[in-house]
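Per Swiss-Prot, these features apply:
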- 40-264: domain 'Radical SAM core' (DOMAIN)
- CYS55, CYS59, CYS62: [4Fe-4S] cluster binding site (BINDING)
- CYS99, CYS132, CYS192, ARG262: [2Fe-2S] cluster binding site (BINDING)
- 317-341: region 'Disordered' (REGION)
Amino acid sequence: MLSGVELSRDEALVLLRSDPANYLSLLAAAARLRSAYFGNSVKLNYLVNLKSGLCPEDCTYCSQRLGSAAQILKYSWLKSEDAIDQAEQGLAGGASRVCFVASGRGPSDRDVDRVAGLVGDFKTRNPQAEVCACLGILKEGQAERLKSCGVDAYNHNLNTSEEKYSEICTTHEFSDRTNTVKAAKAAGLSPCSGLIVGMGESDEELIDALFALRELGSESVPVNFLMPFEGTPLADTWLLTPVKCLQILCVARFVAPRSELRIAGSREMHLRSLQPLALHVANSIFLGDYLTSEGQSAAEDLAMIEDGGFVILDPRASAPQGGVEPVLRKRGAGTELQPNA
């Protein structure tokens, strides 16, 4: 693959099904690709949840879904100054990209104008920062509006394969997601799209999802591991092992060797003690907390990166010297408490 030869679906399936006892050999091969394209750098991304919960969509995996009984934070749009404060704390912690996220099917034109104003103010104060927006399914002209205000990237995950999609969501279709990614890319936004693993997908469905992402040209691929929130249809769904998670990440690297590969939601819960090894395959993480659950402390993230011999893209951050259930986020955006940054 270093010579430019692309991995086939059959080859990817063989690698995904390889003997778990030999995972270190798989990891070493994936690490060579990671090193060739990204050296020893790790990109830190920071999430700001602009609007939490009360989503009309019925995605089975999501704590913000229609009918969710998960005891998450629920709030409408943050004030612009509060969102910027949250984002700047992420930058101070070492993040080079801030991801502004809002729950819902997709934004109204008024919502896009609101985010455009926020991003404009944020970029004026922090011109070096990258901004990714994640607002749901886009309508005509909205991607262009976001691009014009300074948004650099747009996230809209495929989450799973087209074949499995109707099992995890009935309120919109797989094509709604692919069309949004295509629209973002056509508008000049960097396409960020990934998946969620551990939802009961078959090996073939997982491979199909990865190849769909490659065909879309996703430049940043977040790999989320299912958070089985109580109060959602997938509560108590535990189908992954740490080694299986590493195998999935390795295959993702082989399928898209030049893409930013991010270990994303629930990495702490599923990779557990093998989490540091994942940095030899992935070159990006979310710093601190997720949308509705807490991550490990920012200090632990920075220490893990430094201890592994990696460097952060933003040199301002440095590591300090010297249960598995999801923890509901009760700090940061939408609260009076300081964020985990």
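Glycine too: its Cβ is placed from the backbone N, Cα and C atoms.
Within 8 Å of the Cβ centroid of the [2Fe-2S] cluster site, not counting the listed residues CYS99, CYS132, CYS192, ARG262, the chain contributes ASN45, ARG97, CYS134, ALA153, ASN155, SER220, PRO222.
Listed in sequence order, the residues GLU57, ASP58, TYR61, SER63, GLN64, ARG65, LEU66, SER68, SER103, CYS169 complete the 8 Å Cβ shell around the [4Fe-4S] cluster site centroid, once CYS55, CYS59, CYS62 themselves are left out. Around the Cβ of CYS99 ([2Fe-2S] cluster binding site), the same chain contributes ASN45, TYR46, LEU47, VAL48, VAL131, CYS132, ALA133, CYS134, ASN155, PHE286, each under 8 angstroms and 6 or more positions distant in sequence.
For CYS192 ([2Fe-2S] cluster binding site), applying a Cβ distance below 8 Å and a minimum sequence separation of six or more within one chain yields CYS132, CYS134, ALA153, TYR154, ASN155, HIS156, SER218, GLU219, SER220, VAL221, PRO222. The CA atom of ARG262 ([2Fe-2S] cluster binding site) is located 19 Å away from the CA atom of CYS62 ([4Fe-4S] cluster binding site). Look at ARG262 ([2Fe-2S] cluster binding site): DSSP puts it in a strand. Under the DSSP three-state reduction, CYS192 ([2Fe-2S] cluster binding site) is assigned to strand. CYS132 ([2Fe-2S] cluster binding site) has a Cβ environment of 21 other Cβ atoms inside 10 Å.
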